[in-house]
Amino acid sequence: MADTILRKLIVEICNARNLMPKDGQGTASAYAIVDFDGQRRRTKTKFRDLNPQWDEKLEFFVHDAATMAEEILEINLCNDKKTGKRSTFLGKVKIAGSAFAMAGSETLVYYPLEKRSVFSQIKGEIGLKAYYVDENPPAVTTEVKKPEAEVQAAPVTTEEKPKTEEVKKETEEVKTEEKKEAKPEDKPKEETKPETTNVKPPVTVATPPPTVTALPQKTEPVKHKELGIKPENVNRQDLIGTDLELPSLTRDQNRGGGYDLVDRMPFLYIRVAKAKNVGSNPVYAKLVIGTNSVKTRSQTGKDWDQVFAFEKESLNSTSLELSVWSEEKVENEDKTTTMKESCLGTVSFDLQEVPKRVPPDSPLAPQWYTLESEKSPGNDVMLAVWLGTQADEAFQEAWQSDSGGLIPETRSKVYLSPKLWYLRLTVIQTQDLQLGSGGSGSESKSKIPTTELYVKAQLGPQVFKTARTSIGPSASSSGSGNPTWNEDLVFVASEPFEPFLIVSVEDLTNGQSIGQTKIHMGSVERRNDDRTEPKSRWFNLAGDEKKPYSGRIHVKVCLEGGYHVLDEAAHVTSDVRPSAKQLAKPPIGLLEVGVRGATNLLPVKTRDGTRGTTDAYVVAKYGPKWVRTRTILDRFNPRWNEQYTWDVYDPCTVLTIGVFDNGRYKKDESGKQGRDVRVGKIRVRLSTLDMNRVYLNSYTLTVILPSGTKKMGEIEIAVRFSCPSWLSIIQAYVTPMLPRMHYVRPLGPAQQDILRHTAMRIVTARLARSEPPLGQEVVQYMLDTDNHVWSMRRSKANWFRVITFLSRAATIARWIHGIRTWVHTPTTVLVHLLLVAIVLCPHLVLPTIFMYAFLILALRFRYRGGVKVNSIDPRHSCVDSVTPDELDEEFDGFPATRPPEVVRIRYDRLRALSGRAQTLLGDVAAQGERIEALFNWRDPRATCIFVVFCLFASFLFYIVPFKVFVLGFGFYYIRHPRFRDDMPSVPVNFFRRLPSMSDQIL
């Protein structure tokens, strides 16, 4: 018998991404069922993971290789019923047999999950490899001759026997799920083929199937075309060997910057150290990998010591070629010099044999390699080549292929906000002020007017003034005055401090300065609480050159370390620690954020004037620490996969994450840098997160533009809030949120708002002076510096928030009205019984209320929000109901820059809204004035009636027990409608007739 070839189909289930939560708790426990040619295999269950990673290989026997192209490979994803109420369908994928590749040319492909019926709720994709292997069958012994049908069926039966019961159960679950999903209201059932249609009887043909030879170079494009997969969506990791197998990180490694919240991104690292025997001319090294090419710097010292990191997925070749070039200046006949380059040799590497390195392994030692060259042999270059990830120590300082190389504006950086203090200056008084030359006689005294003085203090760009004080003619004529203020001026000071605080006394009458003094900031004392008062000091005031002494001023100045300087809005603050280190408390937890990537970003600018592009990066702020990811150039689906950590000192704080388009790494024709464009922003409140739980979600990026709201794409973020002690969390919830000084010596709302915006400007200016700078527009967008500006959209949003809150009270009022009107008779009867129980057993009222609250909240725990973290809600922000004119008004500066006609229309609209608010305020004030009028005898008859009522009521309540009164009033209030009049009650009529102050207003 001629030799036959047996064919096996290998299906490698790698992973799935962004699955639909199905277990009722915001997650899914997925497993895959794979069917091919009457055979079924099942993967393991990955519990509570919306992005499961299997990496399992399933083998199938191909009965007829000639008809393999007509077979269908079907993969069904299901949720394990052990973790939920039932086994839930997560999606399916069908792949034609003609798309299978030969072993060695397989590729990881991500297929979008399909619905089984129109009622299915499916999303996500699954990544797998499908390829076949041809093997020579073992020699067949002829000692015992069996029927051919039995011989062919034996391997299938043996393979399927251990899983018979499991397959039956899974088939029943899939069928049951199919029936539930196909339940229509009025629609016909969708015809579905039973799973047994793909099951074929064992092949009994005696002759072996003919061998089919496949060409992987030709079948690869066909597979992309038939399955609708774009070539760029196919990972090219097979060009350089298998994926990296990285060990899982422990908690201690995570605290040191582990990468367990993001995906490992494989990079090819090349460290070019130096060269020898290359002469005295400047030399440089050139690296070429397919279409990727980069050069080192050209220098004479021959020591480059540069690292290059190429993203593995972007490489299109399996060989690396490194060449060393020499530069030599050549003088031409016309006395001009040109640079002549000559190749000193090349060395090549096969990237499939490159070693892998995973931290904390030691760095790979560079080695000497001989350059191959016919012209100048004997040259050597020292380098090291390895495969690593973004967790490699060399990644931060390496030339990165996905961020444009060594451009400073595209690198990932960590910024720190300056340490801020409140500087309190207390102006007490002045003495011996030289206001002017005194006159003689009563006539000159009468001509000298009253002098108005004030004190002005300046710290850097901040200027504050005291109130005005007047000095009479007698003090002015005598040439001296001792005015007193006793007023506090508060500044925001940032470390390192400004050198001097300048204090001057100004004469408002003639607009001149009487004198000034400089207080050195190094001599200013610091205090942490209000128990100690700063010492008062006298400073001489110096005038111009003709008047070196013009008086002295008495002040107290100190740096307040007991306050926290707010540099962001109070409702989204991320730090509440005081300025003084002595008052700082230890952290209670750790916040870890993994910036994974973004999808479907819209183009923000044009490149080459023809196509749109986006150069996106992410900025995250929590506390004084700002982080900025690297900029991924020219991609609408960038993958950063960077992880950062923050210490958490208070759980009721907010993390802010913003996405921007980088416009600063390129300069225009005039050499000016562009501006970064906002793409979107999200916020995550830490108090809404469960401890020690990973939240992996995609958030919609919405930005408000003058033309309207625009969805710019989605960002994928992983967040984990870790806390080792429950006791520290409970203690944080029962302590004041702000430091003690905010309560014992509070700042006024207007003063605090001014200081907050001053702190914002200081932080913006300081971060703009970093290298590379964090743009002013970026910092202002992250800190919400414009949230105090009038906006019709924000006013609507706040109004709807108030209405939503009041609707709860309206619901209770409607429920009580339904009881009064006997809408549901059994409920009203039960309320009667409840009223009797309350009157007879009043000591059980509070225990019953708190027990009901406990039971209701405990039951609601099951139905709380899923894993999705609360972020910015466009619906609550009223971005869909805003008009273009209202958006234009929101983006208008202060003062307004629009034409007078537009400003007049907006002013009239604001007047109409204010008129309604004015009427509402008047109605509220009238109710309180009616109560006051009842006690002030404004209406003598009404007050007299009330006095008589109070007298009779006192005797009545003395005789009648209070329980009887409560019971009688309750029964009277919820009496049957047939015993009730439709007109208002007597107390309501009496109250509405009382007078108010509305008739005395003009």
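Please read every residue number as a count from 1 along the shown chain.
Using the three backbone atoms N, Cα and C, a Cβ is placed for every residue, glycine included.
Remember, it's a predicted structure, so these values are computed and weren't measured experimentally.
The following features are taken from TrEMBL:
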COMPBIAS  158-194  compositional bias 'Basic and acidic residues'
COMPBIAS  195-216  compositional bias 'Low complexity'
DOMAIN    1-110  domain 'C2'
DOMAIN    402-539  domain 'C2'
DOMAIN    572-699  domain 'C2'
REGION    141-216  region 'Disordered'
TRANSMEM  829-859  transmembrane segment
TRANSMEM  944-974  transmembrane segment
According to DSSP, how is the domain 'C2' (402-539) divided among helix, strand and coil residues?
19 helix, 68 strand, 51 coil
What average pLDDT is reported by the model for the domain 'C2' (402-539)?
84
Could you give the number of helix, strand and coil residues in the domain 'C2' (1-110) as assigned by DSSP?
12 helix, 55 strand, 43 coil
When secondary structure is assigned with DSSP, how many helix, strand and coil residues does the domain 'C2' (572-699) contain?
7 helix, 65 strand, 56 coil
